[in-house]
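These come from TrEMBL:
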type    : residues                                               : note
BINDING : Arg190, Ala191, Gly192, Lys193, Thr308, Ser520, Arg581 : CoA binding site
BINDING : Gly384, Glu385, Pro386, Asp497, Arg512, Arg523         : ATP binding site
BINDING : His536, Val539                                         : Mg(2+) binding site
DOMAIN  : 23-80                                                  : domain 'Acetyl-coenzyme A synthetase N-terminal'
DOMAIN  : 81-464                                                 : domain 'AMP-dependent synthetase/ligase'
DOMAIN  : 528-606                                                : domain 'AMP-binding enzyme C-terminal'
MOD_RES : Lys606                                                 : N6-acetyllysine
Amino acid sequence: MTQRVFPVPNVLKSTTRVDLQTYQNLYRRSLEEPESFWREQARILDWVKPFTTVKKTHYSPDNVTIEWFADGALNACFNCLDRHARERGDDVAILWEADTPGETRRVTWSDLQQEVSRLANALERLGVNKGDFVSVYLPVVPEAIAAMLACARIGAVHSVVFSGFSSEALAGRIEDCRSRVLITADEGMRAGKHVPLKKNADAALQNLPFVEHVLVVRRTGRDVPMTPGRDRWYDEALAEVSAECPPVEVGAEDPLFVLYTSGSTGKPKGMLHTTGGYLVHAATSFRAMFDYRPGDIHFCTADVGWVTAHTYLIYGPLANGATIVLFEGVPTWPDASRWWQIIETYRVNIFYTAPTAIRSLMREGEAPVRKHDLSSLRVMGSVGEPINPEAWLWYHEIVGGGRCPIIDTYWQTETGAVLLCPLPGATDLKPGSAAKPFFGVRPALLNSDGAPVDGEGSGNLCFGDSWPGQARTILGDRERFLKTYFTTFPGYYFTGDGARRDADGYYWITGRLDDVINVSGHRLGTVEVETALASHASVAEAAVVGMPHEIKGQGIFAFVTLKDGVIESDELRRELVQIVRTRIGPIATPDRIEWAPQLPKNRSGKILRRILTRIAAGDFENHGDTSTVADPAVVAEIVRRVQVSA
Ligand code: ATP
Ligand code: MG
């Protein structure tokens, strides 16, 4: 496929704050004079106490230090709420759309301010102090945002746990941060089904006697058991306290939240984020990467349990005073037009989602999209995985009508906010590439000896200096933090991902380094092979892993999901082998192709290649840490098929 380039649309060029020239100048300045650059950027926030030093950061092996704006003080909740409530309290902050079509709520800035203040007072009554951890196990409802902001208001540290997680996963995450207070709901709603949150929470708390209080939001109103002395209804606790609660002064380096990585490669890590740097990075990058303009309606589809929601559904947008759409449900229920209908209803301008969702909606065809007027969209984003060009083009043409730039944002729970992305008014787009570094970000590709690869080439994706949103540690495990990110390549932050830099300086993520396959001494990224497979018209999605091979060391095992209605055949297998040979070369020829009705994914939709690797090696029992697998039945079905055809 010849590489297509999508130039910046003319209308954006003339209206944007950041055009190509501005990006290049600012980027250069951000590297040459980081202190003055970030000092200026930090004005996006209101500070209680101005900082004097901007950055104190070292990555040397014997001294890893990450501090930003360290002697300044601020309150994240004030920045995301009070300053907007003061100016325009009656404007809408949250447009909530429930799982059930037709059920909606509009929350104004002053509504939210009152609710957050009451909850903050209620938490203080329960003995929550500055620095204490509070766990949150809620569906995507306005109360989840209130819970996060209420913690921030009093300097407590929130730990949001995805409401799709089991009681064991919840228990592990509560135990890890030892929170004494949990905020949950009677139930959640997902695709018309009731999710027993309180029941899961009760099971999780069975062996966690240190949890003293549980606040329960009434979401569905169904009867749930309440443990006297421990459990209280959220609304009753809020009714008893005042709606005024002044935000406390919080040091820039005081923690704001802990959040666990999604566990694609192993046991989730509790990443600890602090207040000042995180919020500066979240707010400035939200504004730049989506070309945010006052009055825009922003719709990010991430669940509140993921970092994407923390930074680009909640903190980044709210710090900018953006109106957000908060959607509780799933894109395919009651039918595959749900998101498109929401975009039409609320006249959404900025839309941010993940490739896995785009691919699943692509399988449903164009009709559900075409039914709706999506002309309000201006910018669309992608996050979580490399987006294969077929999905990119569909998103761009069918959803965005060919008008909207696709902002492919590369970042991690650890990075807090974006590191690589195009900017709408500045960067020509190449489908599948996360383009260029964000301000202040120094990417480096290192070969296995740790030497930097200059110009065109591939290597281990690392970053040569800190950025404000960076996680400061793994909660309770500084050793693991240093070992995971700073030891492999001394002097650099190591992402664990591989990347390629093309002749124009664009970055292409080639996959997780844990997943690199070594075929007869050639290192192949999984993404490349998967992209080739997915370019076949019959393929919906593919996952590629290594398998033991007597001669080659490792062979290539491909798990392929076909589009609806396509019939599995050996003929199709041969075509797929051919397409990989043509696009990459004979070295990448799959040794085995197995049809998979679905691929095993974690709850945020990422393919769990580590499980497929074990299956490909003939190990059908031990899948490692499976607490993050979304649907165990998918794994069982793949095991069955592989065993039958072995
Ligand atoms: P764990 O670290 O526990 O294995 P995880 O890496 O899946 O879990 P996240 O922090 O949610 O947890 O995901 C970050 C990873 O997602 C990145 O390291 C990268 O592999 C992938 N990723 C995110 N955005 C992009 C993108 N735009 N393009 C390519 N890959 C991306
Ligand atoms: Mg990771």
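Along the chain as shown, residues are numbered 1 onward.
Cβ from N, Cα, C; glycine included.
Bear in mind that the values here come from a model prediction, so they are computed numbers and not experimental data.
The structure, with features from TrEMBL marked on it.
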residue: Gly192; record: CoA binding site; DSSP (3 states): coil
residue: Thr308; record: CoA binding site; DSSP (3 states): helix
residue: Gly384; record: ATP binding site; DSSP (3 states): coil
residue: Asp497; record: ATP binding site; DSSP (3 states): strand
residue: Ser520; record: CoA binding site; DSSP (3 states): coil
residue: Lys606; record: N6-acetyllysine; DSSP (3 states): coil
Lys606 (N6-acetyllysine): tally of other CB atoms within 10 A of its CB: 22
Inter-residue Cα distance where the pair is Val539 (Mg(2+) binding site) and Arg581 (CoA binding site), in Å: 16
Site extent for ATP, whole Å (max Cα pair distance, Gly384, Glu385, Pro386, Asp497, Arg512, Arg523): 23
Binding-site residues: Arg190, Arg523 - member with fewest neighbouring CB atoms within 10 Å: Arg523
CB contacts for Thr308 (CoA binding site) [other CB atoms within 10 A, all chains]: 24
Annotated recorded positions Lys193, Thr308, Gly384, Ser520, Val539, Lys606, filtered by Cβ under 6 Å to ligand 1: Gly384, Lys606
Between Arg190 (CoA binding site) and Lys606 (N6-acetyllysine), the C-alpha gap once rounded to whole angstrom: 19
Residue among recorded positions Thr308, Ser520, Val539, Lys606 with Cα closest to the Cα of Glu385 (ATP binding site): Lys606
Counts by DSSP class (helix H/G/I, strand E/B, coil) across the domain 'Acetyl-coenzyme A synthetase N-terminal' (23-80): 26 helix, 15 strand, 17 coil
Where the record names Arg190, Ala191, Gly192, Lys193, Thr308, Ser520, Arg581 as binding CoA, the maximum Cα to Cα distance in Å: 50
Winner by Cβ contact number (other Cβ atoms within 10 Å) across the binding-site residues Gly192, Pro386: Pro386
Listed recorded positions Ala191, Gly192, Lys193, Thr308, Lys606, filtered to Cα within 10 Å of Gly384 (ATP binding site): Thr308, Lys606
Local backbone state of Arg581 (CoA binding site), from DSSP in three classes: helix
Top Cα neighbour of Val539 (Mg(2+) binding site) in the set of binding-site residues Lys193, Pro386, Asp497, Arg512, Arg523: Pro386
Proximal residue to Pro386 (ATP binding site) among recorded positions Lys193, Ser520, His536, Lys606 (C-alpha distance): Lys606
Proximal residue to Lys193 (CoA binding site) among recorded positions Asp497, Arg512, Arg523, His536, Lys606 (C-alpha distance): Lys606
Greatest C-beta neighbour count within 10 angstroms, which of the binding-site residues Glu385, Asp497: Glu385
